[in-house]
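In Swiss-Prot this protein carries:
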| type | residues | note |
| --- | --- | --- |
| ACT_SITE | His75 | active site, proton acceptor |
| BINDING | Asp76, Gly94, Asp96, Ser98 | Ca(2+) 1 binding site |
| BINDING | His204 | heme b binding site |
| BINDING | Ser205, Asp222, Thr224, Ile227, Asp229 | Ca(2+) 2 binding site |
| COMPBIAS | 350-361 | compositional bias 'Low complexity' |
| DISULFID | Cys31-Cys43 | disulfide bond |
| DISULFID | Cys62-Cys148 | disulfide bond |
| DISULFID | Cys277-Cys345 | disulfide bond |
| CARBOHYD | Asn285 | N-linked glycosylation site |
| REGION | 350-372 | region 'Disordered' |
| SIGNAL | 1-21 | signal peptide |
Amino acid sequence: MAFKQLFAAISLALSLSAANAAAVIEKRATCSNGKTVGDASSCAWFDVLDDIQQNLFHGGQCGAEAHESIRLVFHDSIAISPAMEAQGKFGGGGADGSIMIFDDIETAFHPNIGLDEIVKLQKPFVQKHGCTPGDFIAFAGAVALSNCPGAPQMNFFTGRAPATQAAPDGLVPEPFHTVDQIINRVNDAGEFDELELVWMLSAHSVAAVNDVDPTVQGLPFDSTPGIFDSQFFVETQLRGTAFPGSGGNQGEVESPLPGEIRIQSDHTIARDSRTACEWQSFVNNQSKLVDDFQFIFLALTQLGQDPNAMTDCSDVIPQSKPIPGNLPFSFFPAGKTIKDVEQACAETPFPTLTTLPGPETSVQRIPPPPGA
């Protein structure tokens, strides 16, 4: 596992232990809006929060702008390679905002195609509020997740200096990469292992694709793209039957539902012996999904940074709403049953799920951000 990130997270948690509770209380500050925070510098982020909730996320919606903001966090953060540094080459700065500062370079990289639109939408907020691009990308991603029902309470730390050069190409995994390639890449970036790779991919629960199939945009990865739940982990294990658009695109394989896309890397990671059981473990297990993603998101947003030199401003991030009560945590979409599951975990049986009533599920597209 990513022991460096785990150690940092534990160290931060210990700083808030009961032994230091009195000191923590003394340090809390009250902002002009009446909210209390652990550090007075966090107060300025409430203005940023109000602004982006209204003017970027359209009143706090878990829509296309939220999905792309979450994607931007990963593509900025994962662009770091200690292996390249060991060879005397620049290996990228991780979560440093380079994808926004050098957007003319980095958004032209193949895995970053389409991110130029969310970068253009976010840039004016960075300029208006005077925050660093790295901090803003992490903040917008955390707020975006809070807009998706079921998401964990996200952590947010400030203190990322602006990037001084663009990250090199080739550091962001592609949909057509093999499982070995992707595991090796995340291990190089942050000593993440194959289980933590699965945790990262939980973000696909609230995601859609605009650029894999050139004939259609806004294709979700699962049937509940506006909810942070485990449906992504259910539906990626269902047998693919058709393409939602033209088909035959690099990095795309058949999906089980009309209107839903499946990328090759998700398909293979869900079925690889090293990752299949961890993948299945999220089915009908919302608490594990929430805990593991909360941890991995923080670890990603601190890649290339010194966590001990950062300021915890997590108080500013809203809590997400619960999953709607009329839906189980995991289910088979209408028209699907256990017979459609391609069982890959040899250790435990696939969980027992109910099938939603009604005609076969057809997944609605998500309109992409303006200009995409």
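Using the three backbone atoms N, Cα and C, a Cβ is placed for every residue, glycine included.
The helix, strand and coil residue counts that DSSP assigns across the compositional bias 'Low complexity' (350-361) are 0 helix, 1 strand, 11 coil.
Ser205 (Ca(2+) 2 binding site) and Asp96 (Ca(2+) 1 binding site) are 25 Å apart (CA-CA, integer value). Within 10 Å (C-alpha to C-alpha) of His75 (active site, proton acceptor) lie the following recorded positions from Gly94, His204, Ser205, Cys277, Cys345: Gly94. Annotated pair Cys43 (disulfide bond) and Asp229 (Ca(2+) 2 binding site), C-alpha to C-alpha distance, rounded: 31 Å. When the binding-site residues His204, Ser205, Ile227, Asp229 are ranked by how far their Cα is from the Cα of Gly94 (Ca(2+) 1 binding site), His204 comes first.
Summary of the Ca(2+) 1 site environment: with the site residues Asp76, Gly94, Asp96, Ser98 set aside, the chain residues having Cβ atoms within 8 Å of the Cβ mean position are Ser77, Ala79, Ile80, Gly92, Gly93, Ala95, Gly97, Ile99, Gly134, Arg160, Ala163, Ala167, Leu303, Gly304. Asp76 (Ca(2+) 1 binding site) has a Cβ environment of 36 other Cβ atoms inside 10 Å. Between the candidate disulfide-bonded residues, Cys31, Cys43, Cys148, Cys277, Cys345, the densest Cβ environment within 10 Å is the one around Cys148. Among the recorded positions listed here, namely Cys31, Ser98, Asp222, Asp222 has its C-alpha nearest to that of the residue listed as 'N-linked glycosylation site'.
In sequence order, Ala144, Asn147, Cys148, Pro149, Val206, Pro225, Gly226, Ile227 constitute the residues six or more apart from Cys62 (disulfide bond) in its chain with CB-CB distances below 8 Å. Mapped onto three states, the DSSP output places Asp229 (Ca(2+) 2 binding site) in coil.
The 10 Å shell around the Cβ of Gly94 (Ca(2+) 1 binding site) contains 26 further Cβ atoms across the protein chains shown. The closest partner of Asp76 (Ca(2+) 1 binding site) among the recorded positions, by CA position, is His204; the full candidate set was Cys31, His204, Ser205, Thr224, Asp229. For Ser205 (Ca(2+) 2 binding site), the nearest neighbour among the listed recorded positions (Cys31, Ser98, Cys277, Cys345), judged by C-alpha distance, is Cys277.
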